[in-house]
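Participant: According to TrEMBL, the protein has these features:
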- 22-72: domain 'NXPE C-terminal' (DOMAIN)
- 253-734: domain 'Cas1p 10 TM acyl transferase' (DOMAIN)
- 269-291: transmembrane segment (TRANSMEM)
- 325-343: transmembrane segment (TRANSMEM)
- 355-375: transmembrane segment (TRANSMEM)
- 396-417: transmembrane segment (TRANSMEM)
- 452-468: transmembrane segment (TRANSMEM)
- 474-494: transmembrane segment (TRANSMEM)
- 506-526: transmembrane segment (TRANSMEM)
- 561-579: transmembrane segment (TRANSMEM)
- 600-617: transmembrane segment (TRANSMEM)
- 659-679: transmembrane segment (TRANSMEM)
- 685-709: transmembrane segment (TRANSMEM)
- 730-750: transmembrane segment (TRANSMEM)
Amino acid sequence: FKGGDTCEYLLSSGRFLGEKVWQPHSCMMHKYKNSEAKNCLIDKHVVFIGDSRIRQLFYSFIKLINPQVKEEGIKHGNIPFEDKSASIKVDFLWYPEVNGSMRQRIKSWTEGSVAKPHIIVVGAATWSIKIHNGSNEALAQYKINITSIAPLLEKLAISSDVYWVLQDPVYEDMLSESRKMITNEKIDAYNEAAVRILNSSSRNSKAKVKVFSVSKLIAQETIMKSADGLHLPESSRDTNAMILMNVYCNKIMKPIDGSCCQPQPPLTLIQKIAFCFFTLSIIGYLIISLIHRNNYRKNKSCTDLESGEEKKPAISIPNVSTLEMFLHCFCKLGLIMTYFYLCDRANLFMKENKFYTHSSFFIPIAYILVLGVFYTENTKETKVLNREQTDEWKGWMQLVILIYHISGASTFLPVYMHIRVLVAAYLFQTGYGHFSYFWIKGDFGVYRVCQVLFRLNFLVVVLCIVMDRPYQFYYFVPLVTVWFMIIYATLAVWPQIIQKKANGNCLWHFGLLLKLICLLTCIYFLSYSQGAFEKIFSFWPLSKCFELNGNVYEWWFRWKLDRYVVFHGMLFFFIYLALQKRQMISEGKGDPLFSNRVSNVLLFISIVSFLTYSVWASSCKNKTECNELHPSVSVVQILAFILIRNIPGYVRSVYSSFFAWFGKISLELFICQYHIWLAADTKGILVLIPGYPMFNVLVSTFIFVCVAHEISQITNDLAQIVVPKDNSTLLKRLLCIAGFFSGLHFFSAMPDQSRH
């Protein structure tokens, strides 16, 4: 419930993650770039009023706009700054004491003829303590002066953002003799007076001067690193400046990873319609359940007293069960989507920034590895990449990716490069799995295509509606969907080459190889022709699916990053078939995959290749350069893993049921993490239980996994209802789905028209 007033917490409380990363209480702080700061402050006038400490804050603030600024200028005088490109003015006004001069300057802004600054940052006290040798009379005068200034600040706060900066503590042991009278006891007395007077004044006013007290907490942790015991080290004042930028700019720029001071987004028309639909589904399910239960009670079998025979129910309504299942699924889904919305759109639960440490990533990895090995069982079949093995593979990869996301390990390049291989391995399995299905079954019917597309996309479509996010935002689902359609088109287009046909004539294998070469050529061409790629996916309605932030660059980047690995999966299955047909591999239980000599050589080469890739990934210095090489070299570690996992007969004959269980819901886990395990669209961490990080992760993880499992079941149940086997019924359903998306497009366009 504390998630609501995040602005107040940003200004008053928080803690350090590590040495330099500040974590506000209950919300996430965005790290503003120079371009973002300029866009926020365009045509704005900002004024800093106070002593040398405020001057420090002034310099840190303007460095967010222009990092090239040097701290030069009159120490005890006014310092102007202007960025003409964005029409930004930032002034420092030297008023080291709260006195008549400061009051007069502030009063001048309250008069109608003078333009008011948009942001005013005020603070002073240490000079009063120093000049008057810490006397009680100076404190009494300070209270009188603030009392006279407070109404003027309140008046300015009606149209401007006004911040009163409390005095930071000092490191008394390092203070020079001329500053020895500035004690923390005196500073606390001055701060207490300022807070009491400003708060009492705000009770009688609609506007409020915001008290910037968080700098005290930051100073308590870092003042020991001060050069003179009075002024904060540069990293601390930079943090204060970034907090100030977040307080003012988050409500304007609305950064995804800056939840502090952001209002709850208003509901869109589509979200309102979705809410009504889920509500009606819940009501409808409850009504049908009551009717069904009453009918069951009325027709419940009972004993005939005369004959002694048991009477059977008189009626059964088969249509009710299908409708009831449909409403039951959407009833559960409605409750789950409510939880999604409360976690990541309503300001109900807290959110925190990620902070990476090696222990936060590698200790959980070791823990799940032990669990996975503990739950080892025999496989039903011992073929290469059998169903249990691929589920296990997906499961442990998904768990590693989840730990990678929640620990913020993307900042550590070696881990990032290994995770890229795991994502590539998912796509490798996509190529291998779908290619093998079409080759063996020869099923190119509409039913199969619709089933796969529904299972892949159902959850994402619902989240796009409920969470108001574009389809491309959940990038992995568009990726596997497009690759599935490419695999389907490659094999379904004339001539259709399947196992049954190829077994009759070996020439068909060369035809299939020719198809694969054509596919590789197309992939190569598109990967080096960004313009052609963007033109293809910029046509309506594809643009509606693949645009993010108004262009398809993100989609091109994601596609290009793993452009060859699906082809590698298809080619691997083709080679596996050739070896299997020529009886060059042995897949019996406990038998090595090849002859002992060949198996040992291949196993040695695989281990060396696996480790070589890891060494290369660990030596990466530049993410851009490594991403360029990744599409060509990721297959090395994937193939090495497959051979290590399958060459020894015993290893191929067992699997981890623990990992396989997670593998069966891996897609749901990957998508659900965006909003109910992580927060702010994966940028932060959801906090259900503040103050207990480990307990919070345990609770949120339990809920997250249960929800993913439930959604998997809902998707499977709805797939049977929405995608029937009967072609005429399926055609009607497809027309209904087309109508649904047309309506979705119509309603999504309505807000845009109203804005224009």
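The backbone N, Cα and C atoms fix where each Cβ goes, glycine too.
Curation does not apply to TrEMBL; its annotations are automatic.
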Participant: Count the residues of the domain 'NXPE C-terminal' (22-72) that DSSP assigns to helix (H, G, I), to strand (E, B) and to coil, and report the three numbers in that order.
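Facilitator: So the domain 'NXPE C-terminal' (22-72) is made up of 22 helix, 9 strand, 20 coil.
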Participant: Can you tell me which parts of the same chain pack against the transmembrane segment (730-750), counting only residues 6+ beyond its ends and a CB-CB cutoff under 8 A?
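Facilitator: For the transmembrane segment (730-750), the list is 268-270, 273, 446-447, 450, 465, 541, 544, 722-724.
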Participant: Would you kindly check 325-343, 396-417, 452-468, 561-579 and say which stretch has the most C-beta pairs under 8 angstroms to the transmembrane segment (474-494)?
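Facilitator: Between the stretches 325-343, 396-417, 452-468, 561-579, 452-468 has the largest tally.
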